[in-house]
Structure formats: structure tokens, C-alpha cells
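Novice: Attaching a single structure in C-alpha cells format; questions to follow.
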Amino acid sequence: MHPLVVQYRAVVVKEVRQTVRDKRVLVLLTLVPLIQLFVLGFAVNFDVRHVPTAVVDRDGTVESREYARTLLAGDTLDLKAEAHDEQTAEALVERGEASVALVFPQDFQEDVLRGSGARVQALVDGSDPVRSGVAADAVARHAAQRVDRLIQEDARARGETRPRPAVELVPRVLYNPELTTAVYVVPGIVAMLLLIVTTIIMAMGLARERETGTLEQLQVTPLKPVILMAGKVTPFVLIGLVDVGLALGVGAWVFGVPLRGNPALVALATLLYVLCTLGVGLLIATLSRTQQQAFVGGFLFMLPAVLLSGVLTSVRAMPDWLAWVTYLNPIRYYVEVLRGSLLKSAGLGDLWLQVVLLGVFGTAVMTVAARRFHKTTA
Amino acid sequence: MSPAIEVEHLTRRFGAFTAVNDVSFSVGAGEIFGYLGANGAGKSTTIRMLCGLLKPTGGHARVAGHDVGHEPERVKERIGYMSQRFSLYLDLTVRANLEFFAAAYGAHGRELERRIGEMLERMQLTPVQDEVTGSLPGGMQQRVALASAVLHRPRIVFLDEPTAGVDPVQRRSFWALIRELAAGGTTVFVTTHYMDEAEYCARIGIMVDGRLVALDTPEGLKRTHAPGRVLEVRGPNLAPALDALRGEPGVLDVSRFGAGATVRVDPERLSGEALGRWLRARGVDPLELEESAPTLDDVFLALTAGAQRGED
């Protein structure tokens with residue numbers, strides 16, 4: 001056997017033995033990502049339902065009651081309380097007991113019947129923009145429908161058979177027809193968990209070798225830094241692939257994430273992505289003296305990396321200069337591949353650029369890490 | 001046969017600080033060479049350069065026939081290194097550690113098994129081979145570290161304070177192993193600050209502030225740097241009299257410590273009895289007055305004190 005193969009195998013075996021022996025690391029590598037996926041899949045939910053609503057009906061007529069009943073019939077808004085005046089309603093919103101308050105003025109029905117511009121007031125708690133946006137949208141949509149119906153009733157009363165309005169918007173949502181957040185979020189969480197697990201494990205593992213002096217012991221052996229790095233990375237690349245498989249399994253089973261794309265493409269992208277994250281871990285390790293520094297360094301990298309990836313927020317919502325930064329972020333490309341492949345069954349033809357960029361980034365960061373590693377050791 | 005280690009004008013600077021300053025020596029094959037010095041005197045820096053871990057900034061060194069600056073990889077294949085931290089994977093078993101380090105030097109298959117079996121026997125580690133290394137007492141960890149360092153049968157082994165923090169009984173048996181290695185033809189380069197251990201070395205180099213200030217056999221060092229006899233004096237209220245003793249005829253050196261002092265004398269001119277009479281004549285009665293041959297401690301004290309006086 002070639003000495004390089006002997007050395008490479010020795011490092012892989014050693015890493016596996018250490019990982020298997022340390023039950024905490026083993027749990028961190030397998031169970032924790034799944035639990036987090038489970039928890040985050042449910043917690044990171046942009047679906048807005050059951051918004052508590054207070055109603056102040058100062059009119060108390062058939063028209064106002066009917067208006068409130070139909071508005072509250074959907075599952076976006078739930079009736080939480082009925083108040084007699086605006087002050088009470090505002091207090092409810094302020095205390096957080098209601099997020100929306102509807103106020104019908106005294107002459108609501110009369111104004112409607114007279115056609116002289118009836119007004120409904122909606123007080124919306126804006127402290128949660130996503131929630132208030134959806135709630136306000138529901139109120140507005142309902143008002144429009146109501147107006148449309150009034151126009152038609154009016155026309156019918158006058159004996160006209162008036163057609164429905166000339167322009168009607170019929171939205172049809174593709175790929176994620178129910179607009180479930182989980183389907184969109186799960187690929188992002190998979191990328192995030194893989195990042196956390198592999199970066200931290202790699203950075204801490206190497207920092208530990210430096211701290212305990214075994215790295216110095218390795219440096220007096222003929223073991224080449226490249227072989228050492230390759231051997232250290234191998235087990236975690238495999239663990240990364242297994243983690244993604246497990247996470248997508250749970251995603252499909254629990255959250256109904258479709259698995260439409262080509263598994264080979266997902267595996268290839270995962271491989272390149274894990275190379276990126278492990279490379280970053282190694283790079284952090286070469287910049288740290290202790291495990292503690294490596295740990296802190298890992299987090300200092302991961303937080304902005306996740307925020308600037310489009311996993312939790314939309315890249316389109318960022319200011320231009322910040323959006324540019326995301327082009328340097330491998331997480332972004334990996335999530336694009338996952339979403340594209342899983343949800344739209346896009347193939348390599350559509351996602352080749354992302355895959356190539358992942359490869360470029362992975363190679364670059366590994367090279368820099370290897371050079372730094374070589375320098376700090378030689 | 002060419003020397004195992006040849007060092008010429010070896011120098012290592014870190015910025016403005018010179019850790020190793022123009023050091024030259026050579027070590028013969030199969031020799032046990034001791035390297036002594038206080039912490040920070042440049043011992044570890046020298047060893048790190050000789051192992052190819054650190055590039056010299058001046059001079060050169062050949063180890064096992066290869067220049068450490070130009071061919072560190074060649075040097076690494078031929079040497080073993082054990083640091084005072086024992087640098088083992090404490091979470092792995094003894095056998096797993098040996099397997100890993102043997103493979104790092106390219107051993108595999110039946111050859112690897114055979115060498116590990118032999119080494120476990122020789123270091124008396126066979127019964128604990130499947131124990132987790134971190135759970136073993138210090139003395140055993142030390143033997144595992146030595147085993148990992150010599151498993152690939154290096155021509156030269158570097159031991160950087162290998163007995164730090166190990167009890168005296170274990171230290172003694174460890175030195176028996178080292179002598180056994182040397183008898184088998186392995187060159188041993190060892191740093192220590194235990195003077196009793198230094199006596200085991202064929203030759204000793206003494207480092208003070210980055211310079212090699214003395215190099216000789218233990219006997220030669222004592223003859224040159226701590227000649228005469230040593231009188232240990234103990235008793236109350238000795239200090240003023242001992243201070244006055246400096247400069248008396250026949251007194252070579254006075255080193256005070258605690259309630260006593262070590263007085264080195266020229267035995268031709270001043271005997272222990274004469275010193276006792278001299279002290280009593282000044283009104284102090286030493287409780288104890290013992291005469292002995294100088295040790296390497298006395299050599300070390302003389303050399304470091306000399307260096308400090310030189311600085312002042």
C-alpha cells in the first residue's frame with residue numbers, strides 16, 4: 001500500500017474513533033439537527049391564521065353584523081371580544097389581547113343604503129409587520145368583495161343584468177400551492193443546520209488538537225498537512241450527506257416537503273456545500289489558538305452568513321449593496337439548489353451556475369485554509 | 001560514522017528577541033545527550049528546530065544526515081519526538097494511539113501489528129492496551145508517549161522534558177527504558193531540569209539565556225565549573241557570618257538559602273573543621289556542617305550565577 005494511502009486511512013480511522021467515542025459529538029451530529037428541524041419547521045411559520053380581533057359595533061344593524069360575520073368567517077381573523085367604544089378596543093390592542101379592532105360607526109347601515117360612502121375603521125397592531133400585513137390585507141379584501149356585491153345587488157335591484165367587473169385577478173400559486181411556510185423554510189433550515197454542525201465540529205476538532213499538543217506531535221511525523229486535512233474532512237462529508245438525507249426525510253414526512261428533483265444533484269450540491277462549510281471551519285481553526293476562540297469564531301461567521309443567505313429573509317427585501325454580499329455566500333446557492341430541485345424539480349441545466357459556484361467557493365476556501373494550515377504548522 | 005546531530009552557529013530570533021544564540025555542538029550516534037537550562041533558556045526552541053518544526057534564522061543543523069532547514073521532511077522520517085505534554089489522544093485507547101502514530105509513519109498490515117505487540121511488551125503496556133489513554137496514571141501515559149515516539153524505530157529520539165510531573169519511581173524506570181534505547185543504538189537527545197537525571201547523560205550542554213555556556217561530561221563539568229568540595233552549613237543566625245565568609249582564603253563560592261548555605265571550598269586550603277572553627281570564632285554555632293562532592297546543581301548554580309553577574 002502507498003504510504004499516503006496508509007496515512008490517509010489512519011487519519012480517517014482516528015477521526016471516526018474519536019467521533020464515535022464522544023457520545024455528545026455523535027448526538028450533535030445526528031439527533032440535534034433532526035430535533036432542530038422539527039422545532040424550527042413548526043416555529044418558523046409565516047402563515048398568519050387566527051388573528052384575535054375585537055369588534056366595536058356602534059351601529060348594531062343587520063348590515064354591520066353581517067359585515068362582521070362574513071369577515072370573521074375565514075380562519076384569518078377570530079372574534080376575540082366585543083367592545084362598546086373605541087377606547088376599549090384600542091386598550092385591547094394595546095394590551096395585546098387583540099391584534100385587529102374593527103370599528104363600525106353609528107350610521108353604517110344608513111350610509112351603505114344611501115350609497116354615500118360608509119366607513120369601517122380597522123385598527124391594526126403593527127408591531128409584527130408580517131402578521132399585521134396579512135390581517136390588514138384580509139380586511140381590505142373583504143371590503144372590496146363587499147363593495148363588489150353591493151354594486152351587483154344594486155344593479156339587480158334596478159333590473160339590470162350587469163356583468164361581473166371587467167377585470168378580475170385570479171392568482172394561482174405554483175410549486176407550493178398551499179403557500180405553507182414549512183415547504184419553503186425546510187431547505188433553508190437544512191442548509192443552516194449543516195453549516196452549524198460541520199463548521200463548529202471542524203473548527204473545534206482542529207483547535208482541540210492544537211490545544212492538547214497532538215497537532216505538534218503530528219507535525220513531527222512525515223504526515224503531510226494535505227493528507228491530514230483530507231482525512232479529517234472525509235468522515236464529516238459523509239455525515240453531512242447522511243444528515244441531509246435524514247433531514248429531507250423528516251421534511252417530507254412531517255412537513256410534506258415534496259422531493260421532486262434528482263437525488264444525485266442534491267447529493268452533489270451537498271458534497272460541494274459541505275466542502276465549503278468544512279473549509280470555513282478549518283480556516284477558523286487556523287485563526288484560533290483555543291477551542292473557545294474557535295467556537296466564538298464559528299458563531300461570528302455563522303450568524304451573518306445565515307442572515308445574508310435568503311434562508312430566513314428574502315434577498316429581494318435587502319438593500320442593493322447588501323444583496324450583493326449574498327452573492328459571496330455559499331448558503332445562498334445551496335438553498336437555491338435545494339428549493340429549485342425539491343420544489344420545482346429543476347435539473348442541472350437550470351442550476352448549473354449555483355453548483356459551479358459552490359464548487360468554486362469550496363475549492364477556494366479549502367485552498368486558503370490548507371495554505372494557512374501549512375503555514376501555521378511549518 | 002558521521003555524528004547523529006551536527007549543529008553549527010544555530011540561531012533563532014523572534015523579532016528583537018534571540019531565543020537561541022549562535023549554538024554549536026555535535027552528538028554521536030547512540031549517545032545520550034542532555035540539554036539543561038532554566039525555563040526560557042532556549043531548550044525547547046533548539047529541539048523544535050532540530051525536529052523541523054521551526055526554521056532556524058541563522059546557522060544550520062544536520063540531523064540524521066539531513067539539513068533541518070532544507071529537508072525537514074527527510075529529518076521527520078528519521079526521528080522520534082516526545083514532548084512534556086505527552087501529546088496523545090487521551091480519548092482513544094493505548095492501542096489506537098499506537099496504531100495511529102505507526103500508520104502516520106507509513107507502517108501497516110502485519111508489520112504494524114508486530115511492532116505494536118513488541119512495543120507494548122517492552123513498555124509493559126500489554127495489560128492496558130485497550131484502556132482509554134486519559135484514564136491511565138501519568139507514568140503509564142508517559143510510557144505510551146515514548147512508545148509512540150519510537151515505534152517507527154527512529155535513529156534519533158528527542159525527548160523534551162519527558163519526566164515533568166512524574167513521580168521519582170516512575171522517573172527511574174523511565175530512564176532505564178531510555179538507556180535501553182541508547183544501548184540499542186538510538187541516539188537520545190533529552191532536555192530536563194532534574195539534575196539527578198542529567199547524571200545519566202553521557203554529555204551535557206547547559207543553556208543560559210539562549211547561549212550554550214558549557215558542554216562536557218558530568219564529571220568534566222564538575223571539575224571545570226564546580227571544583228573543590230562542598231560544605232553544607234545549617235543553623236540559626238548564620239547570615240551575617242556567611243556574608244563575611246566571602247573573600248576569605250580558600251572560599252570559592254557561597255550560595256545562601258533559607259537557614260543555611262552551600263559553601264564551596266578549595267579542600268587544600270580550607271577544611272570543614274576549619275570552617276566550623278572560623279564560624280564559632282564569630283559567635284555562631286552551626287547545627288550542621290556536612291562535606292560532600294559537588295553535584296550538577298552546583299555546576300548549574302555557578303554557571304547561571306556567572307551569567308547573571310555578567311549581565312549586572
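Each Cβ is built from the backbone N, Cα and C atoms, and glycine gets one as well.
Because TrEMBL annotations are produced automatically, they should be read as predictions rather than curated entries.
What you see is a predicted model, and the numbers here were worked out from it, not measured in a lab.
The domain 'ABC transmembrane type-2' feature in TrEMBL is assigned to A:132-376. Residues or ranges marked as transmembrane segment by TrEMBL: A:25-44, A:182-206, A:226-253, A:265-287, A:294-315, A:351-370.
Map the listed features onto the structure and describe their local environment.
Specialist: Long-range contacts of the transmembrane segment (A:182-206) within the same chain, counting only residues at least 6 positions beyond its ends with a Cβ under 8 Å from a Cβ of the stretch, are 15, 18, 25, 28-29, 32-33, 36-37, 40-42, 44-46, 176, 215, 232-233, 236, 239-240, 243-244, 247-248, 251, 255-258, 270, 273-274, 277-278, 280-282, 284-286, 288, 291, 294-295, 297-298, 301-302, 305-306, 309-312, 331, 334-335, 338-339, 342-343.
Listed by sequence, the residues of this chain that lie at least six past the ends of the transmembrane segment (A:226-253) yet keep a Cβ under 8 A from its Cβ atoms are 4, 7-12, 14-16, 19, 29-30, 33-34, 37-38, 41, 182, 186-187, 189-190, 193-194, 197-198, 201-202, 205-206, 218, 259, 266-267, 270-271, 273-275, 277-278, 282, 342, 366, 369-370, 373.
Within its own chain, the transmembrane segment (A:265-287) is flanked in space by residues 191, 194-195, 198-207, 210, 229, 232-233, 236-237, 240-241, 244, 248, 293-294, 297-298, 301, 330-331, 333-334, 337-338, 341-342, 347-348, 351, 354-355, 358-359, 361-363, 365-366, 368-370, 372-373, 376, which lie at least six positions past its ends and keep a Cβ under 8 Å from the stretch.
Below 8 angstroms of C-beta separation, residues 44, 185, 188-189, 191-192, 195-196, 199-200, 203-204, 206-207, 280-281, 284-285, 287-288, 322-323, 325-326, 329, 331-332, 335-336 of the same chain, each at least six residues beyond the ends of the transmembrane segment (A:294-315), sit close to that stretch.
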